[in-house]
Amino acid sequence: MVNQSKSKMALSKIDAEIEQVDQEKYLRQATNYYQALEKPLKYGPVIETMDQLITALHREFESNYVNIEMVNHLMLSYKSNPKEWRKYAKFDRYTYTRNLVDAGNGKFNLLILCWGEGHGSSVHDHADSHCFMKMLKGDLREKRYEYPNRPNNSVSRDTSHQHSHEGDIDPRELVEIGETPIAVNDVAYINDNLGLHRVENPSHADTSVSLHLYCPPFDSCSVFQDNCKKTTAKVTFWSKYGVRTKPNEQ
């Protein structure tokens, strides 16, 4: 009885500590070690619809301690069904679009990005957040680069090329570290400790659609030119919940 009482007390203490965790701070710290799952967890729930995915994501973010592996599992488990996401898929003739599906009560953003033929992003970071990207239609190609002057990459360890002021980061070109095709129902994951990336639709005949989860959500990120020049860019929504946004609502 004494041992059981002590065990209950210990578990209660752990539960209390978890409840006191700052969720946003915890998620940002988790980018220091999280690498991504290659396939769904054996013990994880099966997600059959987008509504189930959204409900399950809200459940995971109810606790301050977010199981980021389970979030990854949920994104992997969902299988693309155009009937479920077509209403959010809004294209623009000239650029890829970011369409908000769910704001996650301010704890995450779930978006559908639509890529016209040949459309691509700039090289960018993710403001110390987690980024999961699942293909719903077509194909995308991801190019990754070392994050200039991050403490865990080779560029930053070369002290002869340190930045003199914000904006001028490194006189050399960005260092490409990999290129990966992303096919339907694949999930790519990146955070700033893993590098920067650029995403593009390699097809000049077909469009592509991808589902993105960002946690914590962010309203600006850094974009990089080939000479490592860094600027801050505001991220906006082309539509929200299937409705085209006005400039002051983005």
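Placement of Cβ uses the backbone N, Cα and C atoms for every residue, glycine included.
Counting only residues at least six positions away in the same chain, the Cβ atoms of VAL123, HIS124, GLU142, LYS143, ARG144, TYR145, ILE190 sit under 8 Å from the Cβ of HIS197 (Fe cation binding site). Taken from TrEMBL, the feature Fe cation binding site applies to HIS124, HIS126, HIS197.
Annotation comment: TrEMBL describes 145-168 as region 'Disordered'.
The compositional bias 'Basic and acidic residues' annotation in TrEMBL covers 158-168.
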Query - Protein Cβ atoms within 10 Å of HIS126 (Fe cation binding site), excluding its own - result: 18
Query raised in the report: Around the Fe cation site recorded as HIS124, HIS126, HIS197, what other same-chain residues have a C-beta within 8 angstroms of the site's C-beta center?
Result: SER121, VAL123, ASP125, CYS131, ILE190, ASP192, LEU196, ARG198, CYS221
